[in-house]
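Q: Submitted below is the structure of interest, expressed as structure tokens.
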Amino acid sequence: MKPLLLLTLLGCLAAALAVPAQKVKWCVKSDQEFRKCSDLAAASPAFSCVKKESTLDCIIAIKAGEADAITVDGGDVYTAGLNNYDLHPIIAEDYGTSSETCYYAVAVAKKGTTFGIRDLRGKKSCHTGLGKSAGWNIPIGTLVSMDIIQWAGVEDKPVEEEVSTFFQASCVPGATRGSKLCELCKGDCSRSQKEPYYDYNGAFNCLAEGAGDVAFVKHLTVPDQEKSKYELLCRDNTRAPIDDYKKCNLARVPAHAIVTHKDPQLAELIWTSLNSVQNFNLFSSEAYAPSKNLMFKDSTQRLVKLPQNTDSFLYLGAQYMSIVRSLKKEQSVGTNSNAIKWCAVGHAETAKCDTWSINSVTDDTAAIECQNAPSVEECLKKIMRKEADAMAVDGGEVYTAGKCGLVPAMVEQYDAELCSSSGGQASSYYAVAVVKKDSGVTWENLKGKKSCHTGIGRTAGWNIPMGRIYDQTKDCDFTKFFPSGCAPEPKPALHCALCVKAAAKLSGDEAKCKARPEEQYYGYAGAFRCLAEGAGDVAFIKHTIVGENTDGNGPDWARSLKSDDYQLICPGKGPVPISEYASCNLAVVPAHAVVTRPESRSDVVRVLQVQQTFFGASGSDPSFKLFQSQNGNNLLFKDSTKCLQEVPAGTSYDQFLGSGYMEAMTSLRKCSDTASDLEKSCTFHSCQQT
């Protein structure tokens, strides 16, 4: 090879190595943003810039692959997550101690004016933009929910039309040009920097310059030197100083977030590229004055990576999604039906649910309809999204459901004598550790043994025993304590070595270690079977399981088992007979409960009370048994259930679980890996909690 050609090739190779193989194509919406983005690209070759006319155009470009990312507010996170775009948030802005990854939506008026929030009819309003969180979704949703704006719904007229008759005039960038919603605007009324009154500072300037009477912005918008001239409008019709935003606000909402395709590799590229930026301030727009909040909000202190699998719904939270739906008057799936949509996990539960649905029909109408999902977590997501209404879950799953805004509606009762008393003793059970008799296994020598668990995140099978073990060891790596085990989970990873292939041919090997009935060692009976068949040395289950699966009871695999061949172990005691669970247990824990959305609670209770009069333990219709399982164990409800009892209205998930259980969970959650992806997504923002 000639030396000149070789040098040329080496030069090309060096250039190729110096430039990232894939650049992050950032979408911008104005000339000023393009300037800042170009400066970023010059400072960091990991970026390139794509200019579009609006946020929606950027979302469409990302969907089409023309761009990779853009930072948007909550309203646009919602839009980006719709099926026709299918983008999801991967990184959130963090605003520091004043609000972390949330901010407050506030209504601001000039000091000296006297109107309150209930006196806004006929006033002139300034908004950050149509469909944006602080400037539109939250204030208009709040005014509608408080019946200040009286809107019958989209069947009557669009909400924009109702708002235009409520306010004397407005500037709502993104509204129809020439309408009253654009009357106060200074430029083209677009949702871009071409409109001087666009975004937070634009809406504030609309108020400051006297165009409007009220501005809907975020709590950090009013400059420090101007705060004494303005006041906040509170929901109780009073006013407060600007710095009292924590007590006087319309809502606390999730921070702006970066959205992109559902591509983990691209998400990681965006994250690492942003973190590698040097000699460039991502969160400052001073060099591009008077423009502000270019690419990122100027108040951003840092960026925070979101939990994996966070979608727009989980990021925004149920409360915010409810506000957006109220503005769109969205109908959830199946709302024309009065049936409760029950969520079943796996094939066996779905088959039982279908039978229940058929038997629930009266006057050609089913009281129960069935939805299904591959795991409890996926069912909980469906309930949150109104694709399903209810399901019965164990205490650990009540904890996760509660963190995601769901509430307990009814609880399983295992004592028939207590079924006839209303408001009687709450149902509970004992979490126990079971070993084979004469195995020599005790609580004190448990380390290094093989373990059988009902499932990751379950109460008796995981949360209680592993919480106890963490209290002893202060080590979050539980594989050091139990090097081998079976602990079924939605996404099998650790603790799967002892799990077995699925019994049901329909599921194949894919069900191995999955948290659903097709995994033979899943659930209470499954964990006991893991011990009985010699796979494990200890099973963490509830106190009734041995009796339900020995001495001729239970399914075929259990028929030859004897209860006397098993013992309980607990801290500070040698092995004791199974019958001594009251004195040798790991904890007394609340029974399984039916969870649902707060607004659906009364309907779920009403339907289930009727259903158990027909199909309960002493029901009038023998054609179907709600608390029996023919092709498995504990399908939909625990087989030991005698009745369902109402959980008092207003009971939160932590009140239901009790202080002891919550303390155990607080201890266990010191190990961050013990929280599921769903729980992490639901608790990422403090503002997601109502």
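Using N, Cα and C of the backbone, Cβ positions are placed for all residues, glycine too.
For Asp73, Tyr103, Tyr200, His256, the entry in Swiss-Prot reads Fe(3+) 1 binding site. Residues or ranges marked as hydrogencarbonate 1 binding site in Swiss-Prot: Thr128, Lys132, Ala134, Gly135. Swiss-Prot lists Cys126-Cys206, Cys171-Cys185, Cys234-Cys248, Cys343-Cys379, Cys353-Cys370, Cys404-Cys682, Cys419-Cys643, Cys452-Cys530, Cys476-Cys671, Cys486-Cys499, Cys496-Cys513, Cys570-Cys584 (among others) with the feature disulfide bond, giving sequence analysis as the kind of evidence. Sequence annotations record features per position, and here Swiss-Prot assigns domain 'Transferrin-like 2' to 340-670. Per Swiss-Prot, signal peptide is recorded for 1-17.
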Q: Of these recorded positions, Ala134, Cys248, Cys452, Cys476, Cys499, which scores lowest on Cβ atoms within 10 Å?
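A: The recorded positions Ala134, Cys248, Cys452, Cys476, Cys499 were compared, and Cys476 has the fewest Cβ atoms within 10 Å.
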Q: Please state whether DSSP places Tyr200 (Fe(3+) 1 binding site) in a helix, a strand or coil.
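A: Reduced to three states, the DSSP call for Tyr200 (Fe(3+) 1 binding site) is helix.
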Q: Using the CB centroid of Asp73, Tyr103, Tyr200, His256 as the Fe(3+) 1 site centre, which other residues of the same chain sit with their CB within 8 A?
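A: Checked against the 8 Å cutoff, the neighbours are Gly74, Glu93, Thr128, Lys132, Ser133, Ala134, Lys218, Ala255, Asn293, Lys297.
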Q: Averaged over the domain 'Transferrin-like 2' (340-670), what pLDDT does the prediction give?
A: 91
Q: What is the total of other Cβ atoms whose distance to the Cβ of Cys126 (disulfide bond) is within 10 Å?
A: 29
Q: Quick check: which same-chain residues outside Thr128, Lys132, Ala134, Gly135 lie with their CB within 8 A of the centre of the hydrogencarbonate 1 site CB atoms?
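A: For the hydrogencarbonate 1 site the neighbour list reads Asp73, Gly75, Ala105, His127, Gly129, Ser133, Trp136, Asn137, Ile138, Asp199, Tyr200, Ala203, Phe216, Val217, Lys218.
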Q: Round to a whole number and give the Cα-to-Cα distance in Å for the pair Cys248 (disulfide bond) and Tyr103 (Fe(3+) 1 binding site).
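A: For Cys248 (disulfide bond) versus Tyr103 (Fe(3+) 1 binding site), the Cα atoms are 13 Å apart.
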Q: For Cys353 (disulfide bond), just count the other CB atoms lying within 10 A of its CB, please.
A: 23
Q: Here are the binding-site residues: Tyr103, Tyr200. Which has the lowest count of other Cβ atoms within 10 Å?
A: Tyr200
Q: Relative to the Cα of Cys584 (disulfide bond), which of the recorded positions Gly135, Cys343, Cys486, Cys499, Cys643 has the closest Cα?
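A: Comparing Cα positions, the candidate nearest Cys584 (disulfide bond) turns out to be Cys486.
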Q: Can you tell me the CA-to-CA distance separating Cys171 (disulfide bond) and Cys126 (disulfide bond), as a whole number of Å?
A: 5
Q: If one measures from the C-alpha of Tyr103 (Fe(3+) 1 binding site) to the C-alpha of Cys353 (disulfide bond), what distance in angstrom results, rounded to a whole number?
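A: A Cα-Cα distance of 43 Å.
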Q: I need the nearest neighbour of Cys570 (disulfide bond) among the binding-site residues Asp73, Ala134, Gly135, using C-alpha distances.
A: Asp73
Q: Could you tell me the C-alpha distance between Cys513 (disulfide bond) and Thr128 (hydrogencarbonate 1 binding site) in angstrom, no decimals?
A: 49
Q: Using a 10 Å cut-off, grab the number of neighbouring Cβ atoms around the Cβ of Thr128 (hydrogencarbonate 1 binding site), all chains included.
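A: Result for Thr128 (hydrogencarbonate 1 binding site): 33 other Cβ atoms within 10 Å.
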